[in-house]
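Undergrad: Take a look at this one; I'll ask things after.
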Amino acid sequence: MLVSRTVVTPQSVPALAPHVTLRHDGVRDRWVVLGPERMLVPDEIAVEILKLCDGERSVAAVVARLAAEFDAAEADIAGDVTDLLQSLADKGFVRA
Amino acid sequence: MPEATAAVDLPVAMLAELTHRCPMRCAYCSNPLALDDPQAELTTAEWKDVLEQAAALGVMQVHFSGGEPTARQDLAELVAHAAGLGLYTNLITSGVLLDAGKVRALAAAGLEHVQLAFQDSDAAGVDVVGGWSGALAKKRAVAGLVKEAGLALTANLVITRHNAARVGAMLDMALDLGCERAEVANVQYYGWGLLNRAALMPSKAQLAAMTPVVRERQERYRGRMVIDYVIPDYHARRPKACMGGWARRFLNVTPTGKVLPCHAAETIPHLPVETVRQRPLRDIWLHGAAFEAYRGEAWMPAGCRSCDRKEIDWGGCRCQALALAGDAAAMDPACELSPHHAAMAETAEQEAQAGGTRFVYRAFGPHKHSTF
């Protein structure tokens with residue numbers, strides 16, 4: 001069992017939880033997150049974030065990468081990225 | 001692409017009821033009273049074909065269920081086939097037929113997740129409701145095997161009036177067993193559950209007492225174990241979005257290949273049911289009369305069609321409308337706007353207070369009464 005709640009910080013190293021996968025739905029041409037008896041259809045931004053959650057990059061590195069890619073200020077997106085990952089962690093989709 | 005394909009949502013999940021055989025005899029089972037004949041079950045090759053058709057149709061998740069799916073000797077082979085097609089695989093099981101070798105074989109086949117049913121945290125309670133002596137110890141051991149194999153584990157905590165007071169203990173047990181998720185599953189009264197409703201129904205006071213206990217565990221276990229909790233229909237104000245809407249997201253294939261919009265749909269006697277032996281899955285989904293019967297809103301009574309929640313709850317549950325309002329096309333009596341709503345809650349409360357003890361264990365063949 002998990003002994004404590006995952007708290008997402010800039011230093012956290014996020015990854016999809018075991019038995020949670022990001023998969024392309026070829027029939028509908030969209031990305032979906034599949035987990036135990038559950039399915040999420042993330043928006044485009046969430047898909048970009050989740051693709052970077054590889055269990056090696058920190059949240060800070062994910063933010064830096066997205067900021068560079070989408071020409072945004074890190075400070076502007078850091079809060080949204082952390083909030084999304086915390087929400088997904090509390091729902092069991094992400095570990096960090 | 002044919003026009004209908006663009007207009008009709010395609011299914012994302014399939015419940016594959018591999019067999020109606022089951023060693024347990026749970027009094028709340030939602031399987032139909034007329035269980036599918038074991039001699040007429042789909043073969044391994046037929047199930048593989050169904051899985052292929054489902055994946056091509058847009059299904060992303062398959063739930064292997066039953067009856068008890070582990071009673072099929074070809075379960076691991078079917079899991080491997082599904083996983084090879086890119087389907088996310090869940091196993092919905094009582095657990096009592098599993099052992100270390102079988103769990104390892106399922107994990108090796110690509111199984112992702114096991115949903116294990118618990119009828120109580122008290123061994124005697126499980127024995128009585130499930131009709132299988134010693135089940136709790138076996139289930140606890142199987143939960144350990146599932147975790148050892150590295151699979152995701154959900155506890156399905158089946159709530160009746162006999163265990164409602166122990167919901168906290170049941171959730172603690174689920175966490176202790178390593179579950180990442182627990183469902184507080186108030187019995188859905190279909191099939192055997194409907195037959196035995198008077199012997200199972202909790203009182204409104206019991207349900208009210210459960211809610212703060214569940215909320216406290218949700219807070220305490222946040223980020224460690226997800227707890228899903230749905231207010232039971234008989235005491236709800238609005239209906240559940242049954243199956244996410246009839247023929248919108250979900251299909252069920254029974255052991256003999258009947259294709260249904262939900263696992264209780266056979267309780268609607270006039271529904272024209274077709275099988276995968278007669279017609280391709282895609283055709284049944286798109287054009288089958290059973291699927292078209294209550295899809296969308298054309299079938300809805302005026303009160304549903306003009307409701308701003310019609311695309312939230314899709315009119316609720318058709319089987320419940322038939323069982324409690326006498327018409328499968330009526331408003332679900334779980335909705336407070338239904339003329340049958342008050343009677344539904346009253347019936348439940350009367351049954352809970354009367355505390356009936358007679359019930360029938362799920363079985364093939366003639367009914368035999370037992371008592372709690």
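Every residue, even glycine, has its Cβ placed from backbone N, Cα and C.
Sharing the feature lines straight out of TrEMBL:
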- B:Cys22, B:Cys26, B:Cys29: [4Fe-4S] cluster binding site (BINDING)
- B:8-224: domain 'Radical SAM core' (DOMAIN)
Undergrad: Cβ within 8 Å of the [4Fe-4S] cluster site centroid (B:Cys22, B:Cys26, B:Cys29 excluded): which residues?
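TA: Residues close to the [4Fe-4S] cluster site, other than B:Cys22, B:Cys26, B:Cys29: B:Met24, B:Arg25, B:Tyr28, B:Asn31, B:Gly67, B:Glu68, B:Ser94, B:Gly130, B:Trp192, B:Arg362.
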Undergrad: Mean pLDDT, the domain 'Radical SAM core' (B:8-224)?
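TA: Overall, the domain 'Radical SAM core' (B:8-224) comes to a mean pLDDT of 97.
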Undergrad: If you count Cβ atoms within 10 Å of the Cβ of B:Cys22 ([4Fe-4S] cluster binding site), leaving out that atom itself, what do you get?
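TA: Around B:Cys22 ([4Fe-4S] cluster binding site), other Cβ atoms within 10 Å: 25.
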Undergrad: Taking the Cβ of B:Cys29 ([4Fe-4S] cluster binding site) as the centre, how many other Cβ atoms fall within a 10 Å radius?
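TA: The Cβ of B:Cys29 ([4Fe-4S] cluster binding site) has 25 Cβ neighbours within 10 Å.
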